[in-house]
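Quick look at what TrEMBL annotates:
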- 3-275: domain 'Phosphofructokinase' (DOMAIN)
- 11, 72, 73, 102, 103, 104, 105: ATP binding site (BINDING)
- 21, 22, 23, 24, 25, 154, 185, 186, 187, 211, 213, 214, 215: ADP binding site (BINDING)
- 103: Mg(2+) binding site (BINDING)
- 125, 126, 127, 162, 169, 170, 171, 222, 243, 249, 250, 251, 252: substrate binding site (BINDING)
- 127: active site, proton acceptor (ACT_SITE)
Ligand code: ATP
């Protein structure tokens with residue numbers, strides 16, 4: 001292994017830059033060359049790449065977004081696209097690839113590995129939904145962004161005796177909604193993993209009002225329904241008037257937290273070590289506070305565990 005590539009793909013997440021920096025610096029420290037591939041798999045297909053130096057990744061550890069830019073590539077989903085990507089990797093003398101992204105990006109890397117090109121995945125997504133790792137890069141930063149928003153909304157909710165519905169990101173995974181709801185003291189958390197019971201929610205809102213509560217916060221993960229859809233259900237069902245706040249892309253931006261920067265540094269360095277050991281088809285992650293690498297295929301077959309106990313706790317603490 002003499003030269004490796006690195007790309008970011010799918011939705012951007014805070015901490016991706018810190019991970020790029022760690023990959024580049026660790027690889028150079030180990031005597032490797034590193035090529036940065038721009039705009040994810042689409043850029044790879046088009047040969048949009050350049051050699052990175054120690055200085056190329058200076059002053060980015062604290063920045064959100066990704067210096068290498070990200071993209072979603074339809075062409076890469078086809079066999080021809082994947083063949084073009086492998087040809088580009090070979091033509092540019094690249095021997096191994098680090099892919100930083102979410103579950104779709106991981107699936108893309110698995111197709112390259114299956115075609116004989118070694119890839120290692122670094123989990124970069126605010127969704128925290130990658131099998132085999134307790135945390136993904138960007139989750140902690142996004143979580144703190146959402147908590148800050150909930151706290152602000154709570155101030156105005158209390159001043160006006162209002163019920164607020166806050167829509168947060170999470171198409172298939174409810175971790176961000178659940179953790180933010182628990183940390184922000186939400187009364188109700190609606191997530192894709194658990195069916196909700198409208199009667200129970202209405203009952204809780206009414207009993208809260210009866211005991212003099214000045215506000216209620218309902219967190220809805222976007223994958224279940226939009227905040228405004230949920231608001232009209234509540235209105236139709238129980239004539240409860242609410243205000244809706246959609247946090248949107250604000251959740252993706254911002255300077256990564258210390259935790260995300262440290263994870264990014266650990267993950268980036270481990271990914272280089274895995275490639276140096278000659279392994280492909282693996283992902284790096286953290287399990288019980290230990291940095292690990294594991295077989296990506298096996299982890300995806302097993303799937304992602306959902307923390308039902310945490311969901312139950314959020315209900316117990318918000319009676
Ligand atoms: P996030 O979860 O933050 O949205 P992601 O990595 O899951 O990030 P996707 O858009 O699902 O984002 O995937 C990124 C890219 O990976 C896709 O645009 C596509 O090029 C590639 N990809 C996704 N799934 C596959 C697949 N099954 N086979 C080949 N390539 C894939």
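The backbone N, Cα and C atoms fix where each Cβ goes, glycine too.
Feature map: TrEMBL annotations on the structure.
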{"residue": "25", "record": "ADP binding site", "DSSP (3 states)": "helix"}
{"residue": "72", "record": "ATP binding site", "DSSP (3 states)": "coil"}
{"residue": "102", "record": "ATP binding site", "DSSP (3 states)": "coil"}
{"residue": "125", "record": "substrate binding site", "DSSP (3 states)": "coil"}
{"residue": "187", "record": "ADP binding site", "DSSP (3 states)": "coil"}
{"residue": "213", "record": "ADP binding site", "DSSP (3 states)": "coil"}
{"residue": "252", "record": "substrate binding site", "DSSP (3 states)": "helix"}
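For the binding-site residues given as 169, 250, the lowest number of other CB atoms within 10 Å of the residue's CB is seen at 250. Looking only at Cα atoms, residue 250 (substrate binding site) sits nearest to 11 among the binding-site residues 11, 21, 23, 25, 185. Under a cutoff of 8 A between CB atoms, and with a sequence separation of 6+ in the same chain, the neighbours of residue 127 (substrate binding site) are 11, 102, 136, 139, 169, 170, 171, 172, 173, 175, 176.
With a CB cut-off of under 6 A applied against ligand 1, the binding-site residues 72, 169, 243 are reduced to 72. Neighbours of residue 252 (substrate binding site), defined as other CB atoms within 10 A of its CB across all chains, total 20. Reduced to three states, the DSSP call for residue 243 (substrate binding site) is strand.
On a Cα basis, residue 215 (ADP binding site) lies 11 Å away from residue 243 (substrate binding site). The Cβ of 73 has fewer other Cβ atoms within 10 Å than any other of the binding-site residues 73, 105, 125. Maximum C-alpha to C-alpha distance over the listed ADP-binding residues 21, 22, 23, 24, 25, 154, 185, 186, 187, 211, 213, 214, 215 is 58 Å. Note: the Cα of residue 105 (ATP binding site) and the Cα of residue 213 (ADP binding site) are spaced 45 Å from each other. Taken together, the residues of the domain 'Phosphofructokinase' (3-275) have an average pLDDT of 96. You'll find the Cα of residue 25 (ADP binding site) roughly 22 Å from the Cα of residue 125 (substrate binding site).
Among the binding-site residues listed (72, 73, 104, 125, 252), 252 has its Cα nearest to the Cα of residue 185 (ADP binding site). Fewest Cβ neighbours within 10 Å among the binding-site residues 21, 25, 171, 215: this applies to 171. Cα of residue 104 (ATP binding site) to Cα of residue 23 (ADP binding site): a span of 21 Å.
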